[in-house]
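I have placed the structure first, in the form of structure tokens, so that the comments after it can refer back to it.
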């Protein structure tokens with residue numbers, strides 16, 4: 001039993017009461033967690049339903065790109081390696097070290113893949129993974145569409161080892177049927193293709209991933225390291241003689257321009273953490289946000305007026321308050337006079 005300063009006795013909570021309070025607190029926390037999980041699952045399901053058609057279209061576009069690369073291999077004619085400034089500056093790594101560029105590319109791809117799915121693991125949910133990949137796929141499809149146009153415009157003799165004169169893989173015999181073309185001999189036909197040079201497909205993926213993390217990532221050191229890895233990837237591709245220097249240079253400015261213009265025309269979505277615009281959803285959401293920004297000053301003024309009314313202890317408008325202020329002063333003076341006149345009569 002404890003007596004407080006006012007003299008009222010009160011009992012301390014027993015151990016069972018404290019346990020009961022803790023159970024209620026834990027139950028409330030579990031309920032909030034369950035609601036958060038249900039909300040996340042519901043949002044993810046809605047996002048998947050929205051993104052699924054676009055993802056299917058992107059898969060079809062990727063297949064068309066592979067089919068086009070297979071088709072240009074039938075047109076490839078091996079010949080002397082063209083004069084290249086990058087080949088003069090960088091020593092040739094050799095056929096046995098061609099895995100170096102593939103190792104760097106694989107590390108970049110897997111790192112971006114793991115980072116893009118981190119909202120499912122950590123609490124820092126700045127974006128929706130499916131919508132992020134929808135944006136990435138839009139960049140890839142646009143870049144690869146331009147790539148198809150370029151490598152079909154002019155066929156250069158491939159500098160890679162399996163594309164040089166004397167290699168059995170440098171040319172392909174005419175297809176025997178349509179099925180042979182449509183199957184694109186995956187994955188061998190993809191790994192040992194020739195003729196699809198300008199511009200580098202590896203650099204398309206690398207630059208899209210690096211630019212996406214540069215915009216939506218949060219670690220500045222990792223951003224700098226990602227750009228450094230993109231430069232190293234470029235040098236290794238040239239040193240491995242998988243592409244000419246022009247293929248890499250064209251990829252650098254083409255992909256960056258594609259990402260800039262596509263990103264500029266995509267609508268925005270709300271940030272998962274703060275409600276700020278971060279990723280695309282629809283044009284309607286963007287217009288709604290613009291309307292809210294236009295009406296925001298009016299709402300702020302209304303809030304200020306209501307706050308001022310509460311401070312003055314009345315609910316009249318600001319115009320009425322200005323009219324009543326002199327009257328309040330006059331009534332105060334009349335009341336003082338009345339009290340002064342009544343004072344002698346009271347003595």
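One-based numbering along the chain as shown.
For all residues, glycine too, the Cβ spot is worked out from N, Cα and C.
In TrEMBL, annotation is done automatically, which means it is predicted and not curated.
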Practice task
Examine the ranges 55-76, 77-98, 99-120 and name the one recorded by TrEMBL as transmembrane segment.
Solution key: 99-120
Exercise for the section: Any chance you could find the range in 99-120, 189-209, 221-238, 244-262 with the most Cβ pairs under 8 Å to the transmembrane segment (132-152)? Expected result: 189-209
Problem - Per-residue pLDDT averaged over the domain 'Sphingomyelin synthase-like' (193-261), given as an integer - result: 94
